[in-house]
There are 2 protein chains.
Amino acid sequence: MVCAALAREQGYSVLALTVDYNQRHRVELEAARRIASALADRHIVLPLDLRAFGGSALTSDESVPKDGVQPGIPVTYVPARNLIFLSLALGWGEAEGSRDLFIGVNALDYSGYPDCRPEFIEGFEALARLATKAGTEGREFTIHAPLQHMTKADIAREAQRLGLDAALSHSCYDPLPDGSHCGLCDACRLRAKGFAEAGITDPTRYAAVTDEA
Amino acid sequence: MVCAALAREQGYSVLALTVDYNQRHRVELEAARRIASALADRHIVLPLDLRAFGGSALTSDESVPKDGVQPGIPVTYVPARNLIFLSLALGWGEAEGSRDLFIGVNALDYSGYPDCRPEFIEGFEALARLATKAGTEGREFTIHAPLQHMTKADIAREAQRLGLDAALSHSCYDPLPDGSHCGLCDACRLRAKGFAEAGITDPTRYAAVTDEA
């Protein structure tokens with residue numbers, strides 16, 4: 001949401017891509033629809049069943065860890081997910097004549113996912129040149145990751161500055177049937193910590209509350 | 001088909017991935033099923049509607065050129081397609097603990113697609129290291145493109161050497177309702193030329209025949 005709003009603020013029209021990858025936290029698709037209604041010029045929700053591959057707690061029956069953010073890459077890592085997402089965005093972007101792709105990855109307050117790191121984003125930008133007709137013909141793509149070096153507190157502050165309703169967004173990997181955030185998965189802990197550190201009221205409904213991130 | 005058979009010959013088990021991208025030549029999905037039955041240990045046909053993006057004669061109502069292979073990248077180029085395909089294969093491969101991905105791209109007798117070139121394949125291999133948990137942890141991926149430097153005649157000869165039934169395979173971008181090859185699109189011309197140059201009987205049913213590639 002913050003990434004899309006920053007793109008708009010910079011004067012871009014926003015073509016929003018949501019991938020329905022049969023994720024455990026399907027409720028984020030509804031959040032994406034709400035956010036796209038508010039911020040995007042167009043929105044595609046693309047079904048792509050990554051549960052066919054599995055290999056992640058988000059796309060299989062494996063449990064989502066609830067015991068706090070641990071060192072290393074957690075089981076909620078979805079194999080090659082951000083590469084798949086950016087590749088799809090590149091395909092749509094090239095078809096539309098776009099030159100700028102935005103992705104809301106964050107490499108500070110995060111779970112250690114390899115495909116959130118700056119070297120991955122830079123590598124993708126270089127490969128986009130080789131992978132596409134546009135790139136081959138000199139119309140290069142820029143991958144923008146404006147949240148990359150922000151803390152979650154910075155992101156919460158940006159949301160406030162941009163006049164965004166944080167309640168529109170969803171972070172939890174393992175939401176309750178009523179759509180509320182579990183409060184204990186990494187995504188919930190990092191989200192809550194961000195609001196707390198920023199001193200901004202957190203509008204999120206958490207089913208459980210913990211003090212440790 | 002030849003690429004999969006070469007992987008088997010090298011002793012690999014073959015996990016075959018077919019993407020149903022709502023391509024004009026949907027008949028190739030049936031060919032993929034026949035070939036996977038013959039050569040693969042497992043086969044996933046993954047729906048991914050690239051027609052939502054368009055931007056190609058294969059995923060829109062734009063016509064497929066029939067006037068011979070021309071210089072430049074043709075309108076049958078599908079934006080970022082091989083990057084999307086390889087990213088998906090990487091995701092499945094990582095979930096399975098695979099270390100080797102095979103792709104049947106060809107950079108000699110081809111239509112000039114950017115994502116068939118060796119520099120793209122090499123770039124993807126490097127990015128796979130950055131994009132994945134496995135790569136980050138030192139379990140690197142090798143992208144094999146065994147047909148890359150073969151002519152279509154070489155490929156036809158390989159099919160014969162490997163005892164493959166070339167009639168199982170499908171190349172045409174714009175097949176007739178009965179499933180026969182049009183004979184005039186780039187893919188048909190390059191296919192027919194390959195068999196002719198190899199001096200191998202071409203089992204393909206073409207609706208039209210031309211002497212020029």
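Glycine too: its Cβ is placed from the backbone N, Cα and C atoms.
Note that TrEMBL annotation is computational and uncurated.
Feature annotations, courtesy of TrEMBL:
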- B:Cys172, B:Cys182, B:Cys185, B:Cys188: Zn(2+) binding site (BINDING)
Sparsest-packed of the listed binding-site residues (B:Cys182, B:Cys188) - C-beta count within 10 angstroms: B:Cys182
Residues near B:Cys185 (Zn(2+) binding site) in space but at least six apart in sequence (CB under 8 A): B:Val64, B:Pro65, B:Lys66, B:Thr76, B:Cys172, B:Tyr173, B:Asp174
Other CB atoms, at most 10 A from the CB of B:Cys172 (Zn(2+) binding site): 26
Cβ-centroid neighbourhood (8 Å) of the Zn(2+) site, B:Cys172, B:Cys182, B:Cys185, B:Cys188 excluded: B:Val64, B:Lys66, B:Ser171, B:Tyr173, B:Asp174, B:Pro175, B:His181, B:Gly183, B:Leu184, B:Asp186, B:Ala187, B:Arg189, B:Tyr206
Reduced DSSP assignment, B:Cys188 (Zn(2+) binding site): helix
